[in-house]
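Per TrEMBL, the feature transmembrane segment maps to 291-308, 315-335, 341-362, 369-389, 401-420, 427-448, 480-498. Taken from TrEMBL, the feature domain 'TM7S3/TM198-like' covers 294-498.
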Amino acid sequence: PWLCLYLQVQLCVQQSLTAQQDESSLLELSLGKFRNVLLNQTSPVEAVIRNIASNVTVVIFQVHAQHSDVVISFDKVRVLLLLVTGDLTGCSETLLLPAGPEPSVFLCSASKSCLQVHNCSYLLCVLDPIPGGCNLEFDLEVDPNIYLDYTLVDIHIKFAPANLGYTRGANPPLCDSGTGQSSRWRLHYDVYQYFLPENDLSEMVLMSHIRKMSGVQSVKANGIKMLTLTADDKTSVYFSSLPGQGVIYNVIVWDPLWNTSAAYIPVHTYACSFSDLVDNCSSLSKLSTKVFFTAFAVLGLFICFFGHRFWKTDLFFMGFIVAAFVFFVFITRVTGLSYDVRLILTAVAGIIGGLLLVVSWWRFGSVLLSMFVIGLVLGFLFSSMLFFTPLGDYRVFRDDVVFWVTFTCVALMIPVLFVGCPRILNILASGIVGSYTVILAIACYVYTSLSYITLDLLRRVLNNYFSRAYTNVPFQKNDFIILSVWAMLALGGVTVQLRRERSEVPFPPHPYLTWKRERERRSTNVLDPSHHIPPLRERIHNKLLHIKELFQKDQPAGERTPLLL
């Protein structure tokens with residue numbers, strides 16, 4: 001049976017070769033220039049490169065599609081065999097061709113629908129290092145690809161080490177010949193990052209920017225250099241994940257002896273799925289998240305302008321933040337509940353925490369304790385903003401102990417600095433923290449990098465290995481607009497509160513002592529009308545009787561018994 005199946009497959013391939021001999025188009029490529037090609041699953045396209053110089057060792061042929069697979073092969077028979085058997089999974093998008101008179105490859109789409117791809121070819125000369133020339137992990141013998149995996153937390157890129165350059169027709173240098181300066185161990189790898197425009201998931205935009213990250217000079221001119229790896233380092237790097245934001249990565253291998261460089265093949269990701277029906281790239285925020293942060297932003301906007309005047313509401317707001325953050329971290333760490341359930345429980349815990357802080361103020365009336373909690377919230381936001389800058393990507397902060405000690409010291413510095421002027425501290429905290437909740441609500445509907453000020457901190461608390469990720473984020477037009485909104489809200493809220501409260505007492509009197517004095521005054525002063533107010537138990541009993549009367553039938557009016565004379 002297997003022999004019959006093999007003969008049938010071969011027969012189909014031969015028939016396809018005969019029937020599609022005229023249909024297969026010949027595509028002539030220009031070196032270093034991108035070209036759009038329309039591919040389908042039934043007819044492969046042959047791409048040929050002409051006029052290769054004699055000093056060229058290899059040709060890197062690359063094809064890019066937004067979210068589909070492309071089949072590339074040197075052999076047309078193999079491509080047709082894959083089409084007949086349907087085995088089109090795990091297809092490569094890059095091939096490294098040995099330089100010859102007219103090297104050619106065959107392309108076809110791995111999906112049933114037509115696919116528009118962009119392809120380009122680059123030459124590597126005698127002294128240029130060969131990207132992926134010392135591959136021991138991936139499928140291709142020489143693999144210049146960058147492999148990418150992503151989660152909601154981080155992005156992991158890895159690539160094969162490069163080899164030294166060699167002349168055409170000669171054997172490549174051995175990868176394990178030694179570790180001296182005459183071997184591949186002298187090579188350095190520069191990792192570059194490039195952000196696509198925010199809120200734009202179109203294929204045309206992606207392909208126009210892929211060109212900027214292909215080739216050594218284009219990558220250096222447009223990309224952001226994140227780090228440099230030596231041969232002693234692992235060819236593996238982690239970045240923080242930005243769902244919905246397109247980002248392109250590339251690596252340039254540099255030979256310091258000959259001062260020559262070569263670029264790997266750029267790889268892109270949006271850290272989300274285009275095919276999922278729920279939580280795809282077009283709708284990242286859940287409904288529960290939008291409801292939670294929208295309601296939170298309404299309260300925060302009120303606190304921004306009226307926080308100090310409505311002191312108990314301000315305390316409830318700050319207590320809600322502390323309790324909700326701590327509880328969400330705890331329940332995520334110890335349970336496997338769904339996100340929606342955790343968010344509901346977090347809201348309940350935040351309400352309880354806010355009420356507890358209000359009750360503690362009513363009973364003890366400690367301004368110092370209340371301002372410590374409020375100052376700690378502002379300090380944590382300020383410390384998160386500090387590590388949101390490029391300072392957070394310094395290698396010394398990869399150590400969790402160093403990071404958390406530094407972070408806590410910066411956060412505690414805020415309440416310590418303002419210990420002599422608690423009213424100023426409260427107005428600053430309510431204005432800045434309250435206005436930032438508006439930014440979090442905006443992030444549920446429109447992508448903004450400002451939400452990662454606190455989100456990166458939450459990720460580091462929840463994930464043990466997030467410290468290895470670089471947390472660089474884009475800062476583009478939308479972010480400047482939203483940052484201006486945040487600054488205007490914070491400045492406006494602080495200014496309004498300072499002008500309104502300058503002639504008022506700094507803080508309300510002790511609530512419990514005030515209530516106690518009023519109770520004693522009412523019990524001794526018979527001229528006070530409140531002295532004659534019935535006790536609480538009697539008032540509750542009267543209220544219950546009044547409610548009970550509402551459910552009783554009205555008695556009918558008129559005479560019901562005979563009149564006795």
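Note that Cβ sites are derived from N, Cα and C of the backbone, with glycine treated the same way.
Taking every recorded stretch in 291-308, 369-389, 480-498 and counting its Cβ pairs under 8 Å to the transmembrane segment (427-448), the highest total belongs to 291-308. Using the rule of three or more Cβ pairs under 8 Å, pairs at least 6 apart in sequence, the transmembrane segment (315-335) is not in contact with the transmembrane segment (401-420). When each of 291-308, 341-362, 401-420, 480-498 is checked for Cβ pairs under 8 Å to the transmembrane segment (369-389), 401-420 comes out on top. For the transmembrane segment (480-498), same-chain residues at least 6 beyond its ends with a Cβ under 8 Å from one of its own Cβ atoms are 301, 304-309, 427-428, 430-432, 434-436, 438-439, 442, 448, 450. Packing against the transmembrane segment (291-308) from elsewhere in the chain are residues 314, 317, 343, 347, 423, 426-427, 429-431, 433-438, 440-441, 443-444, 489-490, 492-493, 496-497, 501: each is 6 or more residues past its ends and has a CB under 8 Å from a CB in it.
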